[in-house]
Amino acid sequence: MVQEACSPIGPALGDAAPGFGTDGIRGLAGTVLTPALCLQVGYWVGRVLQAEGPVLIGMDSRTSGSMVVAALTAGLTAAGRDVWTLGLCPTPAVPLLIRQLGVAGGLMVSASHNPPADNGIKVFGVDGAKLSASRQAQVEACLKGQTSMAEQGKFRCGVARPSADLLDRYREVLQESVAERRLDGVPIVLDLCWGSATACGADAFRALGADLTVLHGEPDGSRINVACGSTHLEPLQRAVIERGAAMGFAFDGDADRMLAVDGRGRIIDGDHVLFLWGSVLQEQQALPEQRLVATVMSNLGFERAWQQRGGTLERTPVGDQHVHAAMVASGAALGGEQSGHILSASHGLCGDGVLTAVQLATLCYAQGISLSDWLDRSFQAYPQKLVNVRVMDRARRKNWSACTALTDAIASAEQSMGENGRILVRASGTEPVLRVMVEAEQSDAVEHLTGHLAAVAEEHLNVA
C-alpha cells in the first residue's frame, strides 16, 4: 500500500529515499542527506522506536551537522518525541547515555571516516544497540511510502533542549574504566582528527597524568578526516618519533574507532589490540571459552596465533553491529574489527576509540613494559593488501559475484595460494567502492594478486 501523505511532515520520498548501509544512512550532505530526508528520518524513527521517552542526538564536527540535527529534531518533535541534543560528542557517548538515562533511543549525526562533505545518521534503540535490521527496514519502508502506520491520534509536539552537560557522564565512565591505573608522566601523542574526539580525548589522558601532545585538536568540520586521524597515520607516526613519545593514538571522525602506534612508529591495528587485550583477559581467566570475535577482514596471522594460545576466533561479516550480535549470542568478553572498532562486554559493548586507547595505554604500563615491548609479544601478521575499486553502478557493485570474469579470477588465485592465504571481495556499505583484499605468506603474491583482481573488477564492472 502506497502512502499518500505523512502528516504532519508531508508526502513520503518514494523509491529515491536512501536506505541503511553498514553503519546507518550515509551520503553527500545536501544531495543525499537533504533537509527533507532528515526530517522524514527523524519523524519515522520517532514513530518506530518502541519505548516511551526522549531521544538523544549527538554529532561530530562536520559543517553540515547543524542542518542535519535541526531537521532530525523537527521530525522527532513532530512525532511527539522530546529531544535532548548533546552537541559535539563521540558516537559511543550516545548508547552509553541511552542506557544510563533510560531514554527511548538516540541518533548520532556522523559519516565516521568519510570525507567532510559527507554526513550520516546512526540510530540506536532503547538498549543502546544499533537499531535492528527489522526496525531499519520499517523506517526505510515508511520513507519510501511502501507501508503505513496507525495514526497517532491528537497531534502532540515534543520539546527540544540542549543537553551538552550530559557528556560529563561519559567522561566519568572513561576515568572509571581504568580503575586505579595511571599514566603519570608518560609521553603520549593524540591525533584527534578535528572531530568528535576533541570533545573529551585529551581531557581523558590528562586526567590520568599523561604528558600529552595533541594533533588536530580543535573541532573543524572542513578538515575532519583530511590527511589525519585513523585513516592517515603518517602525522601521528612522525610526531611520536620526533617527540620521543612512548605511544600515540589516532581516532576517526566520530571517535568510535582507534588505531595506535608504538614508540618506533609501528602500527597497532584492531587485530593487535584484540590479541594483546585478549591475552591479558585470558591470563586473568576473564575470557569465556577463550573466545574473541572479529570480522572476515581480520588477519590470518592473528587467527593462527590466537589458536596457538588455545583460543577461538569467531568471524562475522564486516560491521561492528555483527560483532555486537555475535558477542551477545556467545557471551564473548571482547571483539572488534581490524579497522579499530573494539567492543568490550565490561564497558558497554560499543565501539569506543577513546576508551580503547586509555585501556591499551594503562594496561601496558600496569605490566611495567613499553608498548613497543608489548607489541613484540603479539602475532606476526601475514602480508595483506586492500584495494578499493570505484564502481558507481550500485547494482553491479552489490551483485559483483554475478561477474564470471571476476569470480573465475578469484577461484584461480585461491587455488594458487592453497591454505596459505585468503581473498575477500565485498561491496562497501558506506562508499561506492568494491573492496578487494588479499593476504598470503608472501608479499609479492599479495601485490600481484591484488593488482590483478582489482584490474579485472575495474574492467568488467565499469563497462558502459
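Here, residue 1 is simply the first one shown, and the rest follow in order.
Cβ atoms are placed via backbone N, Cα and C, with glycine included.
Among Ser112, Ser132, Ser378, Ser401, only Ser112 appears in Swiss-Prot as part of the Mg(2+) site alongside Asp252, Asp254, Asp256. Take the mean position of the Cβ atoms of Ser112, Asp252, Asp254, Asp256, the recorded Mg(2+) site; other residues of that chain with a Cβ within 8 Å of it are Asp60, Pro90, Thr91, Ser110, His113, Gly195, Ser196, Phe251, Gly253, Ala255, Arg257, Gly351, Gly353. Between the binding-site residues Asp252, Asp254, Asp256, the minimum number of other C-beta atoms within 10 Å of a residue's C-beta occurs at Asp252. Cα of Asp254 (Mg(2+) binding site) to Cα of Ser112 (active site, phosphoserine intermediate): a span of 5 Å. Across the fold, the C-alpha of Ser112 (active site, phosphoserine intermediate) and the C-alpha of Asp252 (Mg(2+) binding site) stand 6 Å from each other.
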